[in-house]
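Asker: I have a structure I would like to understand better, so I am pasting it below and will then ask my questions one at a time.
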């Protein structure tokens, strides 16, 4: 084992790989751990991790890569997060701005049914623009095109994974999507474009209108998972099929998520024995929380993995993907996908 590689036995890794009990964690619950100083990882260590990851990807000849993606994947597209200055529900004055009893109420099912207006005010602020996929999205498209991608679990509701051309059969929207809406009563479906048109109309008070169903007059609800709702059935079925039943996963990539919302945060812990697991994120989290270097070998009876960590505040998700693509020799193919843009038909 090289000096750059961290070895951990099962006895010393209990806190790092054993997930908390799910019995007390309802769907979509956020779980925070105290902040920790990021380790000083040299560029040489990071490059070594990128080389190991590239070698693994090159060696895969069948769909056996599973990706779990979060909001960091879409940052370069310009989508603001809920903590962006001057916007969102976690900035100063947000409770007064949206007249909320607490910040999370805007995403609670019961509150939405009583008062959907704050949600649609936030919706019009943040998701009216037509956002485009990033290089990282197109990298995942390349994995699909090269017959290496088994599944993409995404926590994002922006729909950019599908927009870049990844097959709907491979994408699991863990927390739903803003691309479609349904009437809460008659279940008639509406597209994001149709809802945008409703939101752009003005009212006498010049406030954001709440979109209602043309058929029965009831409110339209986005197909996202709100607090108090269960995750889609597809989520549980695919986790079981991909990670517990068949166990064909050779590489598990976690990209742009801090793994703070359960039960989605538990997925990396289900990777089969011997699977390489990779975290590309600004900070360590979840199963990677205790890593002190870019490469760590888990060598225990219950947990045997090779873990890689590519992160830190100085680099972006796209910059790591660009380095990885260069190591793979896929630069021209990726650039071609970016220049072509989203396919006209999905």
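From the backbone N, Cα and C atoms, a Cβ is placed for every residue, glycine too.
Below are the features listed in TrEMBL for this protein:
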- 175: active site, proton acceptor (ACT_SITE)
- 183, 186, 213, 216: Zn(2+) binding site (BINDING)
- 1-30: compositional bias 'Low complexity' (COMPBIAS)
- 43-331: domain 'Deacetylase sirtuin-type' (DOMAIN)
- 1-47: region 'Disordered' (REGION)
Asker: Are there residues of the same chain, six or more positions away from residue 213 (Zn(2+) binding site), whose CB falls under 8 angstroms from its CB, and which are they?
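Answerer: In sequence order, the residues whose Cβ lies under 8 Å from that of residue 213 (Zn(2+) binding site) (at least 6 apart) are 183, 185, 186, 188, 190, 219, 220.
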Asker: What three-state secondary structure does DSSP assign to residue 186 (Zn(2+) binding site)?
Answerer: coil
Asker: Counting across all protein chains shown, how many other Cβ atoms sit within 10 Å of the Cβ of residue 175 (active site, proton acceptor)?
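Answerer: Result for residue 175 (active site, proton acceptor): 21 neighbouring Cβ atoms inside 10 Å.
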Asker: Could you state the whole-number distance in Å separating the C-alpha atoms of residue 216 (Zn(2+) binding site) and residue 175 (active site, proton acceptor)?
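Answerer: So the Cα of residue 175 (active site, proton acceptor) lies 27 Å away from that of residue 216 (Zn(2+) binding site).
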Asker: So around the Zn(2+) site, 183, 186, 213, 216 aside, which residues have their CB within 8 A of the centroid of those CB atoms?
Answerer: 184, 185, 187, 188, 214, 215, 217, 218
Asker: On the 0 to 100 pLDDT scale, where does the domain 'Deacetylase sirtuin-type' (43-331) sit on average?
Answerer: 89
Asker: If you draw a 10 Å sphere around the Cβ of residue 186 (Zn(2+) binding site), how many other Cβ atoms fall inside it, taking every protein chain shown into account?
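Answerer: So the number of other Cβ atoms within 10 Å of residue 186 (Zn(2+) binding site) is 11.
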Asker: Radius 10 Å, atoms counted are CB only; among the binding-site residues 183, 216, which position scores highest?
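Answerer: Ranked by Cβ atoms within 10 Å, first place goes to 183.
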